[in-house]
Amino acid sequence: METIFAEATPPGRGGVSIIRLSGPEARRVAEDLCGALPDARHCYYRELRDAGELIDQILVVRFDAGSSFTGEDTVEFHLHGAPVVVRRLAAALRVRGIRQAEAGEFTMRAFVHGRMDLAEVEGLADLLAAETEAQRKLASEAASGALGRLAAEWREALTEAGAMITASIDFADEEIPDDVASGVHDVMHEVRRGIDAQIAGFPASERIRAGFEVALVGAPNAGKSSLINAIAAREVAIVTDIPGTTRDVVEFRADLRGLAVTFLDTAGLRETGDLVEIQGIRLARSRAEAADLRVFLGDVPAEIGGLARPEDLFVETKGDLTGIVGAISSVTGAGIDGLLERIYEILRSRVAGASLASHERQVEALREAASALDVAADDAPEILSERLREATFHLRRLVGKIDVEDYLDRVFSNFCVGK
Ligand SMILES: Nc1nc2c(ncn2[C@@H]2O[C@H](COP(=O)(O)OP(=O)(O)OP(=O)(O)O)[C@@H](O)[C@H]2O)c(=O)[nH]1
Ligand SMILES: [Mg+2]
């Protein structure tokens, strides 16, 4: 494998810039640049020199193959956080035949060398993308390998059950004794229950990861754009007293007490001959229908109310003008915190019971494994053995041990260079 390097810290000026080297040549090249390396996992001061010329005074850390992030020999240079210094070192590395890493290549190597399973890689990608506390928690757990550990436990139990069948068939003419059969069924049932629990929690964890959409819906001039501006505490949407002001869907991404929530301001719904507005209304309807929750503002005519689903909210607006009890006001701010609180409570109840599986790919492998374990009490031993193998196969697929080539490029290309 080639030796690669990348800036591990964000580019630009800062306190420190870290350049990471990984691969078989990492140590040799690093010693060429800064003399003898410190013991593994110790951080030491060195002078970084290229053919005698001082590039920078640095700290250097060495990690050896088998105990580094990538699993390969790795060296980190902690430089002063100046782009010119980073460029100078990059040039010195290129001259020595080291190439710049592709996006996600360090993580790819960690995966290839068995330092991380695929669910951990997915968790790490989610962690880097996380914006809210709930996303961080979910991703940290995933990145720590929690799903892989569960899958390993399940695989072990299933393998043992398979061994029980094989052993008993050898001794008793193709039939398995009742106690062995019931033991095998128990194990399959137990594993299936665990898998089903993870599948059941998928919609919740998927929502935490991807975030929610909450659409503000209503007739023109109901105050939708004013409300999204009040929520955002800045002017994200145009507000006028002309009905039909908003046409495009305006999005504001918020962190609602740890939940990622995108509020959608939509075109006011009404009959109109204006071609642009008609397009806006079409878009408003489809986005509102696809949203996780709709907040209906103001008077709701029947054709708008048809969009409503059970937990949706109905809110009176312009309370400062109307004096209606319970109406919100985007002008005074009255009732807006309370509205956000109600939205939060509804969404929170939807993320209760979140499981470790938060990606469609993961839950699809879990579903296959679960259906393999769906056996009948009188299934023949060969069938049970085959089903156990099948379930084990899908549990291996879950953590990326097989059948993932196409998927890998997509996952790793989402990382930044240097990760
Ligand atoms: N006094 C008062 N006026 C409000 C309030 N909310 C909105 N308005 C006014 O109502 C008018 C329409 O507000 P918008 O927020 O543009 O309404 P909208 O629902 O986005 O309207 P469309 O984009 O046309 O669908 C504007 O003149 C706002 O200033 C409020 O809480 N109090
Ligand atoms: Mg508007």
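Glycine residues also receive a Cβ, built from the backbone N, Cα and C atoms like all the rest.
These come from TrEMBL:
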BINDING   Arg20, Glu76, Arg115, Lys419  (6S)-5-formyl-5,6,7,8-tetrahydrofolate binding site
DOMAIN    211-348  domain 'TrmE-type G'
BINDING   221-226, 240-246, 265-268  GTP binding site
BINDING   Asn221, Thr240, Ile242, Thr245  K(+) binding site
BINDING   Ser225, Thr246  Mg(2+) binding site
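Overlay of TrEMBL annotations on the structure.
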| residue | record | DSSP (3 states) |
| --- | --- | --- |
| Arg20 | (6S)-5-formyl-5,6,7,8-tetrahydrofolate binding site | strand |
| Arg115 | (6S)-5-formyl-5,6,7,8-tetrahydrofolate binding site | coil |
| Asn221 | GTP binding site | coil |
| Thr240 | GTP binding site | coil |
| Thr245 | K(+) binding site | coil |
| Ala267 | GTP binding site | coil |
Just to verify: the residue among Asn221, Ser225, Thr240 with the fewest other Cβ atoms within 10 Å, which of the binding-site residues is it?
Thr240
With respect to ligand 2, which members of the binding-site residues Arg115, Asn221, Lys224, Ser225, Thr245, Thr246 satisfy a Cβ distance under 6 angstroms to one of its atoms?
Lys224, Ser225, Thr245, Thr246
Quick one: DSSP breakdown of the domain 'TrmE-type G' (211-348) into helix, strand and coil?
46 helix, 29 strand, 63 coil
So which of the binding-site residues is most packed in, judged by how many other Cβ atoms lie within 10 Å of its Cβ, out of Thr245, Thr246?
Thr246
Less than 6 Å between Cβ and the nearest atom of ligand 1 is the rule; apply it to the binding-site residues Arg20, Asn221, Lys224, Ser225, Pro243, Thr246.
Asn221, Lys224, Ser225, Pro243, Thr246
Those binding-site residues of Glu76, Ile242, Thr245 having Cα within 10 angstroms of Asn221 (GTP binding site):
Ile242, Thr245
Around Thr245 (K(+) binding site), which of the listed binding-site residues (Arg20, Glu76, Arg115, Ala267, Lys419) come within 10 Å, judging by Cα atoms?
Ala267
Which of Ile242, Ala267 (the binding-site residues) has the most other Cβ atoms within 10 Å?
Ala267
Binding-site residues (Arg20, Arg115, Lys419), the one with most neighbouring Cβ atoms at 10 Å:
Arg20
Length of the line joining the Cα atoms of Ser225 (Mg(2+) binding site) and Thr246 (GTP binding site), in Å:
8
Excluding Asn221, Thr240, Ile242, Thr245 themselves, which residues in that chain have a Cβ inside 8 Å of the centre of the Cβ atoms defining the K(+) site?
Pro220, Val239, Asp241, Pro243, Gly244, Thr246
Distance check, please: Cα of Ala267 (GTP binding site) against Cα of Arg20 ((6S)-5-formyl-5,6,7,8-tetrahydrofolate binding site), rounded to an integer number of angstrom.
50
Anything within 10 Å of Arg115 ((6S)-5-formyl-5,6,7,8-tetrahydrofolate binding site)? Look among the binding-site residues Thr240, Ile242, Pro243, Thr246, comparing CA atoms, and list what you find.
none
If you measure from the CA of Ile242 (K(+) binding site) out to 10 Å, which binding-site residues from the list Glu76, Lys224, Lys419 are inside that radius?
none
Measuring Cα to Cα, how many angstrom lie between Pro243 (GTP binding site) and Arg20 ((6S)-5-formyl-5,6,7,8-tetrahydrofolate binding site)?
57
